[in-house]
Amino acid sequence: MECLYCVLGFLFLASRLPLDAAKRFHDVLGNERYPGYMRKHNQLNGWSSDENDWNEKLYPVWKRGDARWKNSWKGGRVQAVLTSDSPALVGSNITFAVNLVFPRCQKEDANGNIVYEKNCRNDSGLSLDPYVYNWTSWSEDSDWGNGPGQSQHNVFPDGKPFPHHHGWKKWNFVYIFHTQGQYFQKLGRCSVRVSINTTNMTLGTHVMEVTVYRRHGRAYMPIAQVKDVYVVTDEIPVFVTMSQKNDRNSSDETFLRDLPIKFDVLIHDPSHFLNESAIDYKWNFGDNTGLFVSNNHTLNHTYVLNGTFNLNLTVHAAVPGPCPPPSPRPPKPTSLLVPAGDNSLEMSETPNGNCQINRYGHFRATLTIVEGILEVNIIQIADAPMPRPKPDNSLMDFVVTCKGTIPTEVCTVISDPTCQIAQNIICSPVDAEETCLLTVRRAFSGSGTYCVNFTLGDDTSLALTSTLISIPGKDPASPLGTASGVLISVGCLTLFVTVVAILVYKKHKEYKPIENRPGNMVKGRGLHGFLHHTKAGFFRGNQEKDPLLKNQPGTL
């Protein structure tokens, strides 16, 4: 009798061995548990429970730190990069993207094979074999997709067959996504995307884990694991960009008094879930100007006093559609970010019987308003007094004035007439004065038209103005002008003497040197007078030194 009990006990244990040895998806993919982890979750559309069995023979499982990871890929380790467009408003879609980063000099070709880049040298030098993995030849030499054996290895870890869509044989990576107690299997190339509707998702912070396998003959080998945190929320994700003319740094939330600030509301809605929603914006700028309600995502506001002000924005969206069941949500801690009376899960019924869900988003910021440089004017441009000896460059004096605070530096950019190609940039400090009146001297390398930009700045503000200026050519009385005049005069004299010699030769039928002719001095004086008038006609002084200079100051 005792022997019978022993045999029965042995058979019982033997019957349990396969069950105990079999791995499940959560054993392979969910070895770590995170704060707030829950075993029970709502069913995600198209996903499967991680209680299903995992085919460890076809998809081996390696723990972290296993030495086999070092040899899982030829030429080094493959890195998987996982990103998402989180946070996601509940009811919208959230998309995850995985990109594989191969070792240096490796890439995926059009056929899905992994090849070496041409003329690329890695740690082992240039490879003679063009292929890292030639999966095309593997499929041709095997029964992949042809014959009864194909169903034995062209399957996912849970035994489901690969989808046989067009080009599926070029997809040699298997991606296993795992989150909230469920998994999703996908066959792909070196980059894949997966989208999930969040209607049935639990609100809060979650972790997405992805394990990647590559084809290895008739089995698969793990090559990379990666995880990322994502958020599902019932608050509309809202961000506000703030910009202001003359503000030096908009990111420090310090702005200038008496100049309008542009507020632009950005709603994070990558899946366009709110496209059909009516959205309005309620502003409170904290300066006792009251509430502003608008259906436009941009608004300008001007602060007229210095100080610190609390900006509050509430975004309301009426989302049409059928009423979903209330989403299970963890206890929400008390937060000062949600004003009293705003219920993110508030529902109302429209006359046509559909449900309208009211969603809210909030944004708060503390703004510091200070006085800054508000305006810059060029009130005068004049030739600078020329030192002795005269420099090669032309010097001009610009008289610049501004409104607001006294600047601490002035920068000048001299550009071409289109104001696009900078030729010279000079910055210099400004000594503090009671009034903003500066004389800035700048040099110009030659004649022509220039675009001149002046920027005045202090710690919090920058103000600028631009003008066009025409620099005339060198004066004829200058050494260069005189030399040119002499050269031209000599040329004209030679031509004139030649003509006279020809006429004299024709008249007297004999050659006589010109310099021995009597009366040459008289003709020389006449020639000198003629050349003098000719030169005056060609080299008149420019009476308008700056034809583009305007009498009115240029105002930014």
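Glycine is no exception: its Cβ is also placed from the backbone N, Cα and C atoms.
Database features (TrEMBL):
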- 323-333: compositional bias 'Pro residues' (COMPBIAS)
- 281-315: domain 'PKD' (DOMAIN)
- 323-343: region 'Disordered' (REGION)
- 1-22: signal peptide (SIGNAL)
- 486-505: transmembrane segment (TRANSMEM)
Helix-strand-coil residue split for the domain 'PKD' (281-315), DSSP-based: 0 helix, 21 strand, 14 coil
Where else in the chain does the domain 'PKD' (281-315) make close Cβ contacts, counting only residues six or more beyond its ends and a cut-off under 8 Å? 236, 238, 240, 255, 257-267, 339, 342, 360-371
What is the average pLDDT across the domain 'PKD' (281-315)? 96
